[in-house]
Amino acid sequence: MPGTVARRYVQVNQSTSETSSTRNTLVVVAAEFCGTFTFLLLSFIGAQTAIVNNSPGNTNSGAILLPSSLFYIAASFGSALAANVWIFYRVSGGMFNPAVTLALVLAKQVTPLCALLILPAQLVGSIAASAVVLGLLPGPLRVANSLSSGINVAQGLFLEMFLTAQLVLAVYFLAVEKHRATYLAPVGIGIALFIAHMAGTDYTGTSVNPARSFGPAVLTGFVSYHWIFWLGPFLGAVLAFGVYSFFKWLDYSAANPGQDDDDIERVIMVPPGSESQGPSETR
């Protein structure tokens, strides 16, 4: 009888654990859909507004966008990402991007199975955001990614790779690596996306996110080189993981100790090698 009771206890615990795990996964998937939708909805509205109001006579250095329009687009994407990552950070991690999800799988922060469930949620969120923008704003949807005149496929691919690597490094060092300012990680990640758009929008439209490119393409049509907006960000995630792993292997935190210390008196007044001295000895 005791053995039977024990087996039933184990079975109940396993069932409860499986139910809890399934529920948690569903919560993460739902949050990724909602977060991707709101992030891209606000970003696309900002980008559409900037593009529609961009001067058609702009010929400065062959650039497609006026500096003010470029800044408006970058600010729309960067601030929308920062806000929504901050909202959903404690729910799903605030990925909203298959390349970031891949980066977290590589760092063993997300399981491959969970990533496979998250991907459709991100793609559907992007399609939904694109459809809402198309329905709410006048004119055609003009936020699809495309290469500018003079930029070939290889250039576009590597631009996307390096821009994505910058974004993913921000995720690794600000969010994955825990520190006193982890709660501010969404701000740094949003700034990284802002910089990526300032640097790349005139050339590729700045994807750095396969979901961001996929949604508008579903509604407006796929360009023949659409694949670079998948491969480039995925390569960028792998590149960033290599850099991150290299610094982890080197134990980077030991090279500059005290950077996460908020004891200002101790950091400023205690000379190296005298940590064992009492407070009176440091004055």
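Cβ from N, Cα, C; glycine included.
Annotated in TrEMBL:
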TRANSMEM  26-50  transmembrane segment
TRANSMEM  70-89  transmembrane segment
TRANSMEM  110-137  transmembrane segment
TRANSMEM  157-176  transmembrane segment
TRANSMEM  183-200  transmembrane segment
TRANSMEM  227-247  transmembrane segment
Candidate ranges 26-50, 110-137, 183-200 - greatest C-beta contact count to the transmembrane segment (157-176) (under 8 angstroms): 183-200
Contact call for the transmembrane segment (26-50) against the transmembrane segment (110-137), three or more Cβ pairs under 8 Å: yes
For the transmembrane segment (70-89), sequence-distant contacts whose Cβ falls under 8 Å of one of its Cβ atoms, 6 or more beyond its ends: 31-32, 34-35, 38-40, 42-43, 45-47, 49-51, 63, 96, 175, 185-187, 189-195, 197-198, 201-202, 206
